[in-house]
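Written below as structure tokens is the structure these notes are about.
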Amino acid sequence: MASFRGSIWYCIFVLSLIAVAISAAESEEEQSSVLTLDSTNFTDTISKHDFIVVEFYAPWCGHCKKLRPEYEKAASILKSHDIPVVLAKVDANEEANKELATQYDIKGFPTLKILRNGGKSIQEYKGPREADGIAEYLKKQSGPASVEIKSTEAANTFIGDKKIFIVGVFPKFSGEEYENYMSVADKLRSDYEFGHTLDAKHLPQGESSVTGPVVRLFKPFDELFVDFKDFNVDALEKFVEESSMPVVTVFNSDPSNHPFVIKFFNSPDAKAMLFMNFNGEAADSIKSKYQEVAHQFKGEGIILLLGDVEASQGAFQYFGLKEDQVPLIIIQTNDGQKYLKANLEPDHIAPWVKAYKEGKVQAYRKSEPIPEVNNEPVKVVVADTLQDIVFNSGKNVLLEFYAPWCGHCKQLAPILDEVAVSYKSDADIVIAKLDATANDIPSDTFDVRGYPTVYFRSASGKVEQYDGDRTKDDIISFIEKNRDKAAQQESANGKDEL
């Protein structure tokens, strides 16, 4: 009996602890400065706020766990701001909230969105991830998109020598030009700082003759400032985006250059990248000639980057480049085409870029060396043999695109070996593989987004992606269903005619 009573009291004790824990968790939730949103209250809550920040998170996400105390602390700071700023969160991993995650294009965790005007305007959060930084960034974001500059002292405060700052000069703060400028400032405020003034004399390098309307963009590189007088919204936005980039983006170990490198690779223009040893003998001459080329082709749909070999190893691996080709220049277009000039001299740069612009340069293709021996059951394909083995062989080819580090590819390898052995006596069938990390793939034919990806190309040119189970029998069934037996039929028809 005593043992039974002891068990009862133990259960009561455990249940009491659980109740206390639940109560503490509920109390913590109640005291939180961060609003908890879900599919039932999201739209209604957002519609009531002119400015609100929403974190889309997943409970299992390590980065989300790290952000949580900082986000909570920032919310506590911001709720006592002159104009309170509201921070909220949504568990995007919850089934009921996944539609919200899709609606707001959430592709990773945590993702923070700034919602203005009751959710009508949506911007990415691009600020720090620690409490004080979050608070300061959002204080600026919740204020006016552009600050009025009333004195030289104010201008010096806002316009530093190490950042980009855009100022609109106007004869009055009204009219179409002013409204369009403010519209662009509001749209781009997450990326740039904006100001406006009635007197250009307040500005660095300001001239008393400038009365506006004019937009002046200050930057810590190239010509230091540039003016623009077209107040069409699209034209003004394009001016800000293009003028805030260096004529030549520098890719090295300096962190201050990294934002420009990111913008460079996000640009829709063709990208010319010159990689060299920054300490090499001809470095200064190459840099000078490259700058000249950048100015020569500015605004012609091509942007330029100058990369130090030591900082560019990732790019070398991606493009299949070798250090003995340095100095080199490679151009990549939006459709994936690449053009390479290796071991260039300073005087080679301008003529080669001109030839590229005129369509006179042959495309470059990243390829592993052609194997000297290729007698295994599964044939090795590289970019330089893709045409011969897959497209022009007149055979039915099953081709696996793999990555050497991919676990699923390693599991598939012995299965493909078995399939290949099964077709050893069938001359019309080829089982092959291509390392997609070391060879360029024609994206207009094969859509490779993960590994392994398997395609089948029939002898007559029909291409089908395999999405069945990765078993020997299923793969063979797929091949038999899609193979082209026209050659065999023609042979049979020829015998009948005889």
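Using the three backbone atoms N, Cα and C, a Cβ is placed for every residue, glycine included.
Taken from Swiss-Prot, the feature signal peptide covers 1-23, and the record attributes it to sequence analysis.
The feature domain 'Thioredoxin 1' is assigned by Swiss-Prot to 24-143, with sequence analysis given as support.
What Swiss-Prot records for Asn41 is N-linked glycosylation site. The Cβ neighbour count for Asn41 (N-linked glycosylation site), using a 10 Å radius over every protein chain in view, is 12.
Following the DSSP three-state reduction, the secondary structure of Cys61 (disulfide bond) is coil. The 10 Å shell around the Cβ of Cys61 (disulfide bond) contains 16 further Cβ atoms across the protein chains shown. What Swiss-Prot lists as disulfide bond is Cys61-Cys64 (among others), and the listing cites sequence analysis.
The annotation active site, nucleophile is assigned in Swiss-Prot to Cys61 (among others).
Per Swiss-Prot, the feature active site, nucleophile maps to Cys64 (among others); the stated evidence is similarity to another entry. A sphere of 10 angstroms centred on the C-beta of Cys64 (disulfide bond) encloses 21 other C-beta atoms.
Cβ neighbours within 10 Å of Arg129 (site 'Lowers pKa of C-terminal Cys of first active site'), excluding its own Cβ and spanning all shown chains: 15. Here Swiss-Prot flags Arg129 as site 'Lowers pKa of C-terminal Cys of first active site'.
What Swiss-Prot lists as disulfide bond is Cys406-Cys409 (among others), and the listing cites sequence analysis. Every protein chain considered, the tally of other Cβ atoms within 10 Å of the Cβ of Cys406 (disulfide bond) stands at 16.
The annotation active site, nucleophile is assigned in Swiss-Prot to Cys406 (among others). Cys406 (disulfide bond) falls within neither a helix nor a strand when secondary structure is assigned with DSSP, and so counts as coil.
What Swiss-Prot records for Cys409 (among others) is active site, nucleophile.
The site 'Lowers pKa of C-terminal Cys of second active site' annotation in Swiss-Prot covers Arg470, and the record cites similarity to another entry as its basis. The Cβ neighbour count for Arg470 (site 'Lowers pKa of C-terminal Cys of second active site'), using a 10 Å radius and every protein chain shown, is 14.
The motif 'Prevents secretion from ER' annotation in Swiss-Prot covers 495-498.
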Count the residues of the domain 'Thioredoxin 1' (24-143) that DSSP assigns to helix (H, G, I), to strand (E, B) and to coil, and report the three numbers in that order. 55 helix, 26 strand, 39 coil
Taking 10 A as the limit, how many CB atoms besides its own sit near the CB of Cys409 (disulfide bond)? 20
Roughly how many Å separate the Cα of Arg470 (site 'Lowers pKa of C-terminal Cys of second active site') from that of Cys409 (disulfide bond), to the nearest whole number? 10
Can you figure out which of Asn41, Arg129, Cys406 (the recorded positions) comes closest in space to Cys64 (disulfide bond), comparing Cα atoms? Arg129
Cα nearest Asn41 (N-linked glycosylation site) among recorded positions (Arg129, Cys406, Cys409) -> Arg129
